[in-house]
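First the structure, then my questions, so here it is.
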Amino acid sequence: MDVTSIGWLTLPLAILGGAIRVSTPFIFVSIGELITEKSGRINLGLEGTLMLGAMAGYGVSYLSGSPWLGVLAAGLAGTTFGLLHGLLCSVKRVNDTAIGISLIVLGTGLAFFFGKPLIEPKAPALPSISLGFWSSMPQVRAALDVNALFFVGILLAFAVYVFLNRTGWGLMLRTVGDSEDAARALGFSVLRVRILATMAGGFLAGIGGSFLSLSYPGSWSEGLSSGQGIMAVALVIFARWRSINALGASLLFGGAGALGPALQGVGVTGYYYLFNAAPYILTLAIMVASTSRAAPFADAPGELKLHR
Amino acid sequence: MTAPQVELKNMTKRFGANLALNNVSLLIRSGTVHALLGENGAGKSTLVKCLVGFYHPDDGHIQVDGREHRLNSPKDADALGIGMVYQHFTLVPSMTVAQNLVVSGARLPAYINWQSELKRLAEVTKKLPFHVPLDVRVSQLSAGEKQKAEIVKQLYLGRKLLILDEPTSVLTPAEADEVLGYVRSLTRAGELSAVLISHKFHEVRRYADDVTVLRRGASVRTGAVANLSDDALAEAMIGEPVSKAVQHAPKLPPKSNIVLSMKQVSVNGDNGLPAVKDLSLEVREGEIVGIAGVSGNGQLELVETLMGQRDRSGAIAVSGVAFNGTRREIARLGVYGLPQEPLKNACIDRMSLAENLALRNFDRAPLCRGIAMNYGALTEQAAKLVKQFRVKAPGLTASMSALSGGNVQRAVLARELTQNVRLLIASNPTFGLDFVACEETYRRIVEARNGGAAVLLISEDLDELLGLVDRILVMSAGRIVHEVSADGADKRVIGKYMAGMKAA
Ligand SMILES: Nc1ncnc2c1ncn2[C@@H]1O[C@H](COP(=O)(O)OP(=O)(O)OP(=O)(O)O)[C@@H](O)[C@H]1O
Ligand SMILES: [Mg+2]
């Protein structure tokens, strides 16, 4: 292979570009899940919300001509699903894990059903911001063509950090998630906080879904999501329930996910499937390496339980 | 005068078929401390939880300064300046003390500037006679510090009526004195009225003006403390005259074989720093060894290590066999324990009482046959234990968290002491127990000892230790700093070693 002056840069650039692209939905879904879990509930249904968001976003963008309206619609669809999850789980003896899994099926099913007529038409996609303008090299420009939602995601991570640590509502959310007794003793409405947190989580997951269908090149198909909604749950644990960590974890995950295609791009085609498994292997490795008995999960919400 | 007069009238509260409060009336005079006494499960906590709006009474009225109020939630009580330190802590474990203080304020701040907020909190808490670190996570505080943090929180919120539900059970006598003395001085100054729930008569006598005794959910005696003798109070509590002479089984001299041996054991605390340092000790068959010390000097870590909950360096052997706390070793070597905060450390709060009573032996016959559980045998065992140890509970299938504090303790005691105990590790086993249950626990520990078990008793109550043990070790800063046989023990000397002073 002929090594040009840009050659040594191609691989890291491709990985960086891929990382940004792949990580964006992860950022939204994992931070949404983080907010829900901080209230002491787990919503495993975000995979369904993600698909619903992708479909709703694409559909509204197509009908209205505005991708941002599509993003909003995706968020609202997600909020509705969050509300559904929140209400169902508030009924005594209903288990949030089971509801979550049934919502995956429901969300995906609804998305496929209403999405049928959307496979053909072309909806306007979200704008991207070109950070590679300074370079004349097309590889650089392509890699640094960053979707606007990515920046929103970064802001979101910091905003959620501030919310959880520096606002009264954030502290209330953490109280409800960490100790129901404490919350009740302070007179907080545990159910209301949990429902709102699940709605907020759904909103963000819906937006994450809209990225899948509305980012360049933009299309709707039934194979859009490859389990991001489920991986987000692991990401939250991996991020130890901290939003900034979740941002970092999403990027890392995105980078690992971009490894396979990037290597293929520079001509390394062997072990393609093995490299595609990189994010999962990486997660496992880091999880094992970073767990320790001496430093337990200090930020893990105490009320987060599998059975209730 | 700002201290309110609060009156509870004809309060009744049912939990299912269980009548927890039966027509109880209570008058808390302005600027006084009103004590509530009663056996475990008498309804003390239930009564005060109704007063803060945590429970809703089925019947009854609450009047504050003569005006009737309905309290639907703790927020309503908060608005009236009524606050409570719960028996089971209600601080948020993953948040710092400062965050806990802020989130408990009447109005949640939109944005918190921690720098100025911390300064303000430090300002406010500086006036209190005791201190808790503001920027430490609650989960890293010791039980005593948590209790103080709870009290700081209530005082910070500017309560007019302060309810303390067994505040001193996890405090050392000196700390208890600090806390209650301060509350007392506030009531004297007319700034506060208070309700004090306690099992300790001397505290009631020292810090309370009035006292009400509850028995099985009913108020059976009320009056000024000065007019009631300890005997009269005790009699009202249990409903029959108390037999004075408590018969401890006579002590037999310990045998010579060593049951527990620890050699140069070091353990790290949650913060990663060494909490137990190079500790060596031995406990013989038929001997009770007491560990005295101020809480937070490594006792908790020591107990958790012995129960197999913590990594350590150094050697631990039970009856000459290396011990690492696996379930098989525990059963084979007969190592059992009564940990502190039993609801958290020895129970699964959402499982039923019967299931909790079977945690030690559910995997053995007769509770299991092959791989199947035998629920008949499980219930039968639970019924037997509940009867034998007089555990008061809404029912065998009631969730563990529905039991009163003292009864959780009894249930754990019942489960652990009915195993084949060779080594018993008891950590503050009488925290929160009424005096009848205390005596019962002492008797059972001595019985276990006389049955040949080795007992390691960790306690902050020096009188309790001196009354029970054969030998006392004093623990300070993670080390054993003093050892003396119980006969030759001098409380003053031990106290000095506890306080960390070298020479006595
Ligand atoms: N949430 C609940 N559900 C069902 N029963 C309950 C609940 N809380 C308390 N009880 C029952 O009400 C009775 C009174 O309990 P309470 O906690 O008021 O006792 P207490 O006097 O505070 O005892 P202790 O000294 O052990 O703390 C007990 O029989 C208890 O089992
Ligand atoms: Mg109680």
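Note: Cβ is positioned from N, Cα and C throughout, glycine not excepted.
Curation does not apply to TrEMBL; its annotations are automatic.
Keep in mind it's a predicted model, so treat the numbers as computed, not measured.
The transmembrane segment annotation in TrEMBL covers A:6-32, A:44-63, A:69-91, A:98-119, A:139-164, A:193-214, A:220-239, A:251-274.
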What same-chain residues lie close to the transmembrane segment (A:220-239): Cβ under 8 Å, and 6 or more beyond its ends?
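Same-chain contacts beyond the flanks: 25-26, 29-30, 32-34, 37, 42, 44-51, 54-55, 58-59, 104, 111-112, 115, 118-119, 123, 205, 208-209, 212-213, 245-246, 248-250, 253, 279, 283, 286-287.
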Can you find at least 3 Cβ pairs under 8 Å between the transmembrane segment (A:98-119) and the transmembrane segment (A:44-63), where each pair is 6 or more residues apart in sequence?
yes
Hey, which of A:44-63, A:69-91, A:193-214 has the most Cβ-Cβ pairs under 8 Å against the transmembrane segment (A:6-32)?
A:193-214
So which residues does the transmembrane segment (A:44-63) touch in its own chain, when a touch means Cβ under 8 Å and the partner is 6 or more beyond its ends?
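Same-chain contacts beyond the flanks: 25, 29, 32-33, 69-78, 81-82, 85, 96-97, 99-108, 110-112, 114-115, 118, 121-125, 201-202, 205-210, 212-214, 218-220, 224-225, 227-230, 232-233.
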Can you name the far-off residues of the same chain, 6+ from the ends of the transmembrane segment (A:69-91), with a Cβ under 8 Å from a Cβ of it?
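Distant contacts of the transmembrane segment (A:69-91): 32, 36, 41, 43, 45, 48-49, 52-54, 56-62, 99-100, 103, 107, 123, 126, 149, 191, 194-207, 209-210, 214.
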Which residues, given as numbers and ranges, are at least 6 beyond the ends of the transmembrane segment (A:193-214) yet have a Cβ under 8 Å from it?
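Counting only partners 6 or more residues beyond its ends, the transmembrane segment (A:193-214) has Cβ contacts under 8 Å with 24-29, 31-36, 38-41, 43, 46, 49-58, 61, 67, 70-71, 73-83, 85-87, 89-90, 123, 125-126, 147, 149, 156, 172-173, 176-177, 183, 220, 224-225, 228-229, 232.
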